Amino acid sequence: MNSEPSWTATPSPGGTLPVPNATTPWLGRDEELAKVEIGILATVLVLATGGNLAVLLTLGRHGHKRSRMHLFVLHLALTDLGVALFQVLPQLLWDITYRFQGSDLLCRAVKYLQVLSMFASTYMLLAMTLDRYLAVCHPLRSLRQPSQSTYPLIAAPWLLAAILSLPQVFIFSLREVIQGSGVLDCWADFYFSWGPRAYITWTTMAIFVLPVAVLSACYGLICHEIYKNLKVKTQAGREERRGWRTWDKSSSSAVATAATRGLPSRVSSISTISRAKIRTVKMTFVIVLAYIACWAPFFSVQMWSVWDENAPNEDSTNVAFTISMLLGNLSSCCNPWIYMGFNSRLLPRSLSHHACCTGSKPQVHRQLSTSSLTSRRTTLLTHACGSPTLRLSLNLSLRAKPRPAGSLKDLEQVDGEATMETSIF
């Protein structure tokens, strides 16, 4: 038995990690399985490249100021495009040629970019979820200094991905598959027997287990905050309806008093969650579910292969390994369609026109679940339009209780954010 670690040149996915217990011979392979893999990779490449390019081109056409979600979707589409170009495409070419065709420098560069795209895509999704957590659970903190809270979250995934991918440069190299055979390939080389197990375990923890744990914690807190918000809104709605029923049985002066009491609580609810925010939370949640569904089989097979010494290596297992490794790439195909599903403006013009023609009439929604100071005043005046005396009393009551400058500024910021998010999603 060869003293070198028996790790094949078959990467996973796209040549990112070495795979043990391969059934293909050292100097041959299963051609039928290779054809299936080439077909799947070609399909994934076309779908991922086309979908993410469509999203990038659509977002690039918008001339207005980009919202936070706009920027995160833009960069997540960039990372998914990187998965297609730097991970799927090299593996597709590699499967066609069977052996790596290139220099040692190109081998190390390809391996580095393959894992970099995986790290960047995962951590950008994590940053997007953290941004939604801040927007829902700590809205004022993210609104007072939006640039200082957004750009670090966008830059951090790229920086971490660039650093954490560096081991690939030292692990992989162009070397002989069997000493003295003269057949070269881009393979991993571990000096210790426990090296593959340690490396794959670390990669699984860094790319899948820990991010999923953080994502779950964030969405648990987000759901708790939304539940509290809905409970407060329900109670406020009951009090407001009770106040208007009192107005039906009382004089106009009683109405002015009830309106004055209701106004501060309605306006000062800066922390209420807009429908636009809830919609972006739903979109991010669906992306997270797709990410877990696509990557869970891949990392499960990877961990099984290095921790179970009795892992079978029959042909059927090789097929299962190969299909599981390719499933992770589907995440980059799903994300663009999730964006388009939550925002018809990102659809191609032909599909968007078809949806407009066949769909129902668009409904007009409020940009905020809680109106601003101006819209609240208009609502009160609309209900009281039949009484000049009541209009005067309401105006006087509004002028008699001025809002602090800081609160009004916060309200304007909340309204601006909701408008921006509604225009994109």
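Glycine too: its Cβ is placed from the backbone N, Cα and C atoms.
According to Swiss-Prot, the feature compositional bias 'Polar residues' maps to 1-13.
As annotated by Swiss-Prot, region 'Disordered' applies to 1-21.
Annotation source Swiss-Prot lists topological domain 'Extracellular' at 1-35 (among others), citing sequence analysis.
Here Swiss-Prot flags ASN21 as N-linked glycosylation site.
Annotated transmembrane segment per Swiss-Prot: 36-59 (among others), in sequence order, evidence recorded as sequence analysis.
Feature annotation from Swiss-Prot assigns topological domain 'Cytoplasmic' to 60-71 (among others).
For 72-93 (among others), the entry in Swiss-Prot reads transmembrane segment, with the evidence type sequence analysis. Distant neighbours of the transmembrane segment (72-93): 11, 13-16, 38, 41-42, 44-45, 48-49, 52-53, 55-56, 59, 66, 101, 110, 113-114, 116-118, 120-121, 124-125, 127-128, 131, 153-154, 157, 287, 329, 331-332, 335-336, 339, 424; these residues of the same chain sit at least 6 beyond its ends, with a Cβ under 8 Å from one of its Cβ atoms.
Annotation source Swiss-Prot lists topological domain 'Extracellular' at 94-108 (among others), citing sequence analysis. In the predicted model, residues of the topological domain 'Extracellular' (94-108) average a pLDDT of 90.
Among the features that Swiss-Prot reports, disulfide bond is placed at CYS107-CYS186. Summarising the environment of CYS186 (disulfide bond), the number of other Cβ atoms within 10 Å of its Cβ, over all protein chains shown, is 23.
Among residues of the same chain six or more beyond the transmembrane segment (109-130), those with a C-beta under 8 A of the stretch's C-beta atoms are 11, 14-16, 69, 72-73, 75-76, 79-80, 82-83, 86-87, 90-91, 102, 153-154, 156-158, 160-162, 164-166, 168-169, 171-172, 186, 203, 206-208, 211, 214-215, 218-219, 284, 287-288, 291, 328, 331-332. For 109-130 (among others), the entry in Swiss-Prot reads transmembrane segment.
The annotation topological domain 'Cytoplasmic' is assigned in Swiss-Prot to 131-151 (among others).
With a cut-off of 8 Å between Cβ atoms, the residues of this chain six or more beyond the transmembrane segment (152-173) that come close are 16, 71-72, 75, 79, 104, 107-108, 111-117, 119-120, 122-124, 126-127, 130-131, 186-190, 199, 206. What Swiss-Prot records for 152-173 (among others) is transmembrane segment, and it gives sequence analysis as the kind of evidence.
The feature topological domain 'Extracellular' is assigned by Swiss-Prot to 174-202 (among others), with sequence analysis given as support.
Under 8 Å from some Cβ of the transmembrane segment (203-223) lie the Cβ atoms of residues 17, 115, 118-119, 122-123, 125-126, 129-130, 132-133, 136-137, 164, 281, 285, 288, 292, 295-296, 299, 302-303, all in the same chain and six or more residues away from its ends. Here Swiss-Prot flags 203-223 (among others) as transmembrane segment.
Per Swiss-Prot, the feature topological domain 'Cytoplasmic' maps to 224-284 (among others); the stated evidence is sequence analysis.
Beyond its flanks by at least six residues, the transmembrane segment (285-304) meets 12-13, 17, 19, 76, 122, 125, 128-129, 200-201, 203-204, 207-209, 212, 215, 219, 311, 320-321, 324-325, 327-331, 334-335, 338, 341-342 of its own chain at Cβ-Cβ distances under 8 Å. According to Swiss-Prot, the feature transmembrane segment maps to 285-304 (among others).
Sorting each residue of the topological domain 'Extracellular' (94-108) by its DSSP state yields 9 helix, 0 strand, 6 coil. Annotation note: CYS186 (disulfide bond) sits in a strand segment as assigned by DSSP. Same-chain residues lying 6 or more positions outside the topological domain 'Extracellular' (94-108) and placing a CB less than 8 Å from one of its CB atoms are 9, 11, 15, 29, 34, 37-38, 41, 168-169, 172-174, 183-186. In this view, CYS107 (disulfide bond) is surrounded by 21 other Cβ atoms within 10 Å of its Cβ, with every protein chain counted.
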